[in-house]
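Taken from TrEMBL, the feature domain 'ABC transmembrane type-1' applies to A:58-238. What TrEMBL records for A:62-89, A:96-118, A:124-143, A:177-200, A:220-241 is transmembrane segment.
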Amino acid sequence: MMNALWKQGWRPALVLILLFIVWETSVSMFDIPAWLLPSPTQIIEVGITDWPGYSHHVWATIQLIIVGFLIGSGTGIVVAIALHLVPFLRQATYPLIILSQNIPVIVLAPLLVVWFGFGMLPKIIVITLVCFFPIAIALLDGFRQTDRDLMHYMQMAGATRQQLFWKLEWPHALPSLFSGLKISATYSVMGAVISEWLGASRGIGYYMTLASSSYRTDRVFVAIIIIVALSLLFFLLINWLEKMTIRWRSSGEGGSSDAS
Amino acid sequence: MTHLEIQNISKSFGENEVLDQLNFSVHQGEFVSLLGPSGSGKSTLFGIIGGMILPNSGDVILNGESIKGKRGSISYTPQTPSLLPWRTILNNVLLGQELTGKKDREKALQMIDRAGLKSYENSYPHELSGGMKQRVSFIRSVLSPQSLILLDEPFSALDEFTRTDMQKWLLDMWEQTKRSILFVTHNIEEAVFLSDRVIILSPRPASVLKEFQVPFERPRREELLLSDEFLQFKKEIYQEMRHAQV
């Protein structure tokens, strides 16, 4: 496992290291001021020494992401199931849901602050809005792509609507659900940071705005690194959950459950 | 005793007449094959027997009761194995019981063993070969609570030798369980080798062209396939079908 990672990963890793070396040398060679572009070593130094000063911001953001992600994906799953089981609902709202995605959530955020203030609620709403869509669409597609032969067999065998759903459609859509969850996991980190920019008293987004308004570019970079790390962490967590849940997939060939 | 009776079934989709006054029956414990050219409307007929499609006229009687439009009255082995990829072999085999009856793990394990799939009960379908999957699919039907089994060209995707092996296996299983079987195929040899009775369907719109009582003794062996009587009988059916095509 680690071996395979190393075999495939050494090339991009090499490129990254080269990039950092170029960055580091150019900063010192051209004498670029730290407020404009700090060098990688400076950023790492600040990241370590400042940790006690910003760690509570990181925890606040993690909390927000988890709560927002759970509520957002829960809503996405419930909505997808409802739309799937009630065809009228789907026909009536599916086009509207697609259309609504042309509204960038970021432009709604100030409005949410006006309506709900600076507390948790508007932030959770922002994360819910960004999480909801990929999950609902992926899950609906998963339901719709249910294998026709399997469906035919289940019906011939006398399965009720409920049995069809829980024994066939739901497990069949799980791989799709997880691809939606993976997208939403990274979106929810973005949603959390954006909502903190707009008004918060803690969180990594708040730390970032503070840093940029006082020209502490090194701290802005620290914030960026933490956000990237959080995104990656959540993605890997969902990936791990997927591996734990979906053990039936053949690794070599893409079975019918591999669709989408 | 009559187990399943198809009474004057007609079905058309718009202008397209598929089944025309179809009549036949399957007796208790009998192995009957429906033999027809491709596209003779056998999937429509299975849809009607399975309760998925309503006929324009006629009735389907199972054990003296009409099952027209009633799903889940028969046990079904589809053309593709149709195993749920996320279930182990054991749980796949139990599916039929789970849907309409009670689960009996002991019996399921016993059947898996008898089908020569021992030690595979906890494997997933993608780990099995085509023939093995088809066996699992058939065991699922045998374990289902319904008494009559419909087999829809279950061996059509297998190679010649696997196919012969599977036919012998099926006969073996059938002789042990003595269930009534309605088997659809367009392979004459397969129909004759397996069945007590072969029913020939005409090209569209399908009706019963002729019925043949298969005279060969059971248990049947592979050697039978190459005997003169067998080939003679096969020829007779072939000519009958050829005749209807023109």
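Backbone N, Cα and C atoms are what each Cβ position is placed from, and that goes for glycine too.
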Problem - Same-chain residue ranges lying at least 6 outside the transmembrane segment (A:177-200) that approach it to Cβ under 8 Å - result: 61, 64-65, 68-69, 72-73, 76-77, 105-106, 109-110, 113, 118, 122-123, 126-127, 129-132, 134-139, 142, 206, 208-209, 227, 230-231, 234-235, 237-239, 241-242, 245-246, 260
Practice task
Compare A:62-89, A:124-143, A:220-241 by their Cβ pairs under 8 Å to the transmembrane segment (A:96-118) and return the stretch that comes out on top.
Solution key: A:124-143
Completion exercise
Long-range CB partners for the transmembrane segment (A:124-143) (under 8 A, at least six residues beyond its ends), listed in sequence order, are 64-65, 67-69, 71-73, 75-77, 79-81, 83-84, 90, 94, 97, 101, 105, 108-109, 112, 116, 169, 172-177, 179-181, 183-184, 187-188, 190-192, 194-195, 260
